[in-house]
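**Q** A single structure is presented below for examination.
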Amino acid sequence: MSAPLAGELDIVIPTIRNLDFLEEWRPFFQPYHLIIVQDGDPTKKIAVPEGFSFELYNRNDIERILGDKAWAISFKDSACRCFGFMVSKKKYIYTIDDDCFVAKDPSGKPINVLEQHIKNLLSPSTPFFFNTLYDPYREGADFVRGYPFSLREGVTTATSHGLWMNIPDYDAPTQMVKPKERNTRYVDAVMTIPKGTLYPMCGMNLAFDREIIGAAMYFGLMGEGQPIGRYDDMWAGWCTKVICDHLGVGCKTGLPYVWHSKASNPFVNLRKEYKGIFWQEEIIPFFQNLTLNKTTTCVEDCYLELADKVRKGLGHIDPYFSKLADGMVAWIEGWRMLNPPKAA
């Protein structure tokens with residue numbers, strides 16, 4: 001089986017347990033390098049199946065590598081995965097949760113998620129005008145009548161957001177009222193999220209171009225010592241979307257699917273989410289109305305400008321947002337330390 005971009009893509013997995021789930025993914029993941037971010041107790045030994053190329057980082061490693069900036073990487077929360085984005089040296093990242101397995105398409109064929117994500121990333125996006133046949137670059141589709149010819153080249157794709165069969169990614173209140181609901185609907189489509197439209201980005205099955213948007217893919221301050229959880233990927237999604245819109249690059253959602261095997265406890269989730277459920281009613285209008293300086297074209301500078309706006313625009317909600325803005329700045333300082341600018 002060919003492995004596209006095998007030397008240019010890292011797979012980042014946050015975990016607290018042995019990675020037996022990789023056995024099912026072996027045909028698809030073995031050609032790629034894994035970056036495993038071990039959360040929780042750093043003295044616990046995590047077993048990785050034989051035959052995989054990987055590096056593993058625990059909390060001690062994060063503190064050793066980042067020093068006084070390590071506090072910005074969440075502890076006891078899957079948000080720690082973004083440390084893997086920072087230490088990678090590859091152009092592309094795919095990140096997956098350890099309770100996600102290989103899904104099958106309607107014909108029963110196992111879905112090669114990396115192949116589809118790579119197709120999504122390597123073909124253009126169309127954020128400025130919606131195509132009613134969805135992805136116009138796909139075999140058997142095209143731009144429909146009335147689509148401006150001046151926009152048909154599209155723009156570079158920064159993010160490919162995949163979906164999940166079986167357990168849907170619901171918030172706690174929805175989980176509580178629909179405890180038995182399962183996603184059995186396979187929608188064979190990929191679409192570009194239009195410019196100016198935010199979306200709830202899930203980190204469970206996500207690929208992105210690290211060179212274009214990696215420095216903004218910070219999963220915030222969650223977990224131990226923080227007043228909120230389960231908004232790590234949401235925060236990264238809102239931040240990266242406004243920066244992608246500003247930079248004129250695209251975000252796609254749809255295929256590929258993974259099989260999400262395990263429903264998390266809705267009562268535990270509610271405890272983590274409940275402040276966020278209120279706060280997001282102010283956070284989302286903040287992002288919808290946000291504009292970045294037209295002269296800012298570097299993703300790191302965009303993110304620092306965004307951190308300043310978060311401090312000024314959301315700090316009144318709760319002191320957490322000033323701390324989060326500090327975390328965003330520390331994240332960029334850490335990113336620059338590990339990813340110095342290439343010599344011209």
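Quick reminder: no glycine exception, Cβ is built from N, Cα and C everywhere.
Predicted automatically and left uncurated, TrEMBL annotations should be read as such.
For ARG145, ARG152, the entry in TrEMBL reads site 'Required for activity'. As annotated by TrEMBL, N-linked glycosylation site applies to ARG145.
Just tell me what is around each of these and how deep it sits.
**A** Around ARG145 (site 'Required for activity'), no same-chain residue six or more apart in sequence has its CB under 8 Å from its CB.
Proximity of ARG152 (site 'Required for activity') to non-local residues of its own chain (separation of 6 or more, Cβ distance below 8 Å) is seen for PRO136, PHE143, given in sequence order.
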